[in-house]
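As structure tokens, the structure follows; a few thoughts come after it.
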């Protein structure tokens, strides 16, 4: 029988090579995961305990930290378990749940990045109205809308895959479950699932990317109207951290999409590495970027280190 209406499990991809290569990959992933968890938990703790940081920009940063914690925790521990304990199988239901979490959390992060771009636009182009527009209540509503948007757009993905028959091959090309990867193993017409997945990504991540670019076009226009280069640099420097975070999210996302679309002949290692970059790079870099670029967070971290050393 070449197909099964309800496969019991899928086989997660691992890097080719001897056991020593698996060991060092696991060490690298574990180290990156520890950095991601430590950094994002530190951001959440610092913003919560520092009243001067109770502002929309830092609330959005907390949302990013929580999303990155959830996204990395939904994937990396499972990957480490099969590198260390050789448990490469993941149940069909668990795979669909993991897939839903990855795509939904990515959509929520994209929406939050757009909200942060709007925050920068209002702060630079309409500074006198910033406090009135982006209140704490408005920030909370934006967070709820981001969650609802992600869930509503990406909940159909696992539901569309659930009734499909799957071929005898159950080997995925990544170390975790992604929609297109699982869909390619189906032995049926996957056009509805493929069309919906592409539409959802374009309407969420694609639209967000366009609106973020539009926000920065308006920001640049406003900045260039300032009288001196010193004022221009000072105004635009408040956007540097956000621009870096946007690149840390969208560059791996685009890279992974390109590998899926055009990389069928690439080595399996490329797919695995791109997948791990997509999951871990934003989670690792986001707290570092804002820690370096934000004086308030720097000062609070130094105070914590000073207290710990004494």
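Using N, Cα and C of the backbone, Cβ positions are placed for all residues, glycine too.
Lifted from TrEMBL, the feature list:
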DOMAIN    39-290  domain 'G-protein coupled receptors family 1 profile'
TRANSMEM  20-46  transmembrane segment
TRANSMEM  58-84  transmembrane segment
TRANSMEM  90-118  transmembrane segment
TRANSMEM  130-155  transmembrane segment
TRANSMEM  194-219  transmembrane segment
TRANSMEM  240-263  transmembrane segment
TRANSMEM  269-292  transmembrane segment
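Only sequence-distant pairs (6 or more apart) were considered; of these, fewer than three Cβ pairs between the transmembrane segment (20-46) and the transmembrane segment (194-219) are under 8 A, so the stretches are not in contact. Away from its own ends, the transmembrane segment (58-84) comes close to residues 12, 14, 22-23, 25-26, 29-30, 32-33, 36-37, 40-41, 43-44, 47-48, 90, 98, 101-102, 105-106, 108-109, 112-113, 115-116, 119, 136, 139-140, 142-143, 146, 175-176, 245, 276, 279-280, 282-283, 286-287, 290 of its chain (Cβ-Cβ under 8 Å, at least six residues beyond either end). Just going by CB pairs under 8 A, the stretch in 90-118, 194-219, 240-263, 269-292 that sits most against the transmembrane segment (130-155) is 90-118.
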